[in-house]
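Novice: Input: one structure, supplied below.
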Amino acid sequence: MYRCSSITCYILIPFKEAQVQTAQQTPKHYGITSPISLAQPKEADLVLTRKLTETLRPFGVFEEELELQRRILVLGKLNTLVKVWIREVSEVKNIPASVIDNVGGKIFTFGSYRLGVHTKGADIDALCVVPRHVERSDFFSSFYEKLKEQEEVKDLRAVEEAFVPVIKLSFDGIEIDILFARLALQAIPENLDLRDDGLLKNLDIRCIRSLNGCRVTDEILHLVPNIENFRLTLRAIKMWAKRHNIYSNILGFLGGVSWAMLVARTCQLYPNAVASTLVHKFFLVFSKEWPNPVLLKQPEDCNLNLPVWDPRVTPSDRYHLMPIITPAYPQQNSTYNVSTSTRAIMVEEFKRGLAITDEILQNKADWSKLFEAPNFFQKYKHYIVLLASAQAEKQHLEWVGLVESKIRILVGNLEKNEFITLAHVNPQSFPGPKEGTDKEEFSTMWVIGIVFKKMEGSENLNVDLTFDIQTFTDTVYRQAISSKMFEQDMKITAMHVKRKQLQQLLPKMTIQRNKRKLSSDGVRAMNEGSLDLSVDSDNSMSVPSPTGHSAAKVARHDQLIITLYSLSYSHTSQFSVLTESLRNTSQTMSNLYCFNKISIFSSTTAFNIDKKSYVLQKNSNADLSDVPILPTNPIAVVKNSIKLRLSR
């Protein structure tokens, strides 16, 4: 791995777009096994690699040299600021002058920027490393104030209570996240190598977590045979994953570091291959690898008694579905969020990628085919739409962050349902629909594709997703309350829609962008593979309206009957709107058979609506056991119920 004492060289080795390197000397093997092939690239491989570079260019994956130099300049200023701040803190704490002169301090980078694969406009992940006499409280007080004094710094905010505490800011227009690590050293030398396991001794767990990003990134660069080939391959794979909606660690897919480790492992297995070959081999290897763990090096025990991924010792590690193990101590599984559904989706995409790259290597297709975005909104017949809303922008951002971090729980609940084969959440969120009221509200929406099992020997099948949804909302509400972030107007709404109803909810640009049908090969692969679609037709009546205070709309088709309600009322006077809505829909519902009563909850009163007579009646004995435990002050509680009846 390239080392340099100056911050400019250490932070980034710029990517030379037109240059394709081949390894001059390849050791016997990288990683935990011998390479699969040591074959040198042929001229055709070099041509395909140049074509791959040109195909990627319009996607903005390569940053211009001027922008790159601007980033280096900003990081240099930040590094100088850290050194000045540490000297000031040292003087306040009466550190001897001889020590202050050499106290040091340094900004390190990690993530996509350190790997050299960041895209235009991407943020920078940074780590502030300080000596032992500088404390975390200093970082979030005096250093925060020093940043506030800088003219170039905007949008400054501290998140001190996060799992990995961070200061976020925009420095001269570049978004930067700064973590903090205090080492047990009197001074921080310029040539400090964070891969040294001895640095972890006597550190608190938060500092170890902060160091982990840099340590993993540096290990990855150290463990690949050819950094430039690795970078171009990783750029291609990351763009492919984003285009195919499988790039999100928080939602149960893979994040940036996991994709980097998979590409690094591919490079280890084919150390002399160039990017065009490596992309193809990536799909070849990982379309059939799982659930075997992916390791870049043999795990090492540093006797620091830190928890590491080890299924022999930790029983829960045995149930990880797609283990990708970080190469730096303490070794962790970077993909613990992966579920049965997300793994099935990713493996299916790997297989599809293999088929496409086979065509590309045979000159039957261009690289552009690999990066064609599949039509998520045409892929499934059933969708769950999840809406998170709040009335203030700041509270909405916090609420959305919490809800998004728990969506994988909802996916897990759905895939455990005996009638569901797969639940696929689109990592991209969308602005929620406006309710048409004068009251300002901020909302964010996620869309989850659902595949129901094909049922044999049954005319009708009743599927109730209410418990799955309610368990998820309970979890979110409880955490919001326990973390003291819950506000009265924070709501979660879930609704079932079929494919044709999505256009009522999604932005027009999204629908237009996704109007292209899946290719016949893609459809055939889905029909022949494990991701079978449910057999009911797609021409049922409209189910829920996304606007206004929608009560319940019932739609019946020969093959599908859906009952949906998604209500949140905190005042009894608002029920007049509900009953009027039901009366207005009575004509269209007259030929539909009646369902049982729906319970609607507020924080103080429970009501029943008899859908046959549309009469509102107070019921003081209603069962509130499935409602989240909330504070005693009036809060709107959302009760989501989704019940489906499928015919064979």
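Placed from the backbone N, Cα and C atoms, the Cβ positions cover glycine too.
Bear in mind that the values here come from a model prediction, so they are computed numbers and not experimental data.
Under the heading domain 'Poly(A) polymerase nucleotidyltransferase', TrEMBL lists 31-224. According to TrEMBL, the ATP binding site annotation covers F110, G111, S112, T119, D123, I124, D125, D177, K238, Y247, G256, V257. Annotation source TrEMBL lists Mg(2+) 2 binding site at D123, D125, D177. Residues or ranges marked as Mg(2+) 1 binding site in TrEMBL: D123, D125. Here TrEMBL flags 229-372 as domain 'Poly(A) polymerase central'. The feature transmembrane segment is assigned by TrEMBL to 246-264. The feature domain 'Poly(A) polymerase RNA-binding' is assigned by TrEMBL to 375-443.
Situate these features within the shown structure.
Specialist: Cβ neighbours of D177 (Mg(2+) 2 binding site) (same chain, under 8 Å, six or more residues apart in sequence): D123, I124, D125, A126, V166, I167, K168.
There are 15 other Cβ atoms within 10 Å of the Cβ belonging to D123 (ATP binding site).
On the 0 to 100 pLDDT scale, the domain 'Poly(A) polymerase central' (229-372) averages 93 in this prediction.
Residues 111-112, 115, 117, 213, 216-217, 220, 223-224, 230, 233-234, 237-238, 278, 282, 286, 294, 296, 324-327, 334-335, 337-339, 341-342, 345-346, 349, 404-405, 407-408, 411, 425, 427 of the same chain lie 6+ residues outside the transmembrane segment (246-264) yet bring a C-beta within less than 8 angstroms of a C-beta in it.
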Novice: Run through the Cβ atoms and count how many others sit within 10 Å of the one on G256 (ATP binding site).
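Specialist: Cβ-Cβ neighbours of G256 (ATP binding site) within 10 Å number 20.
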Novice: Run through the Cβ atoms and count how many others sit within 10 Å of the one on S112 (ATP binding site).
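Specialist: I count 22 other Cβ atoms within 10 Å of it.
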Novice: Starting from the Cβ centroid of D123, D125, D177, the recorded Mg(2+) 2 site, name every other residue in that chain with its Cβ within 8 Å, sequence order please.
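Specialist: Along the chain, the qualifying residues are G111, Y113, I124, A126, K168, E175, I176, I178.
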Novice: Looking only at Cβ atoms, how many others are within 10 Å of the one on K238 (ATP binding site)?
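Specialist: Other Cβ atoms found within 10 Å: 20.
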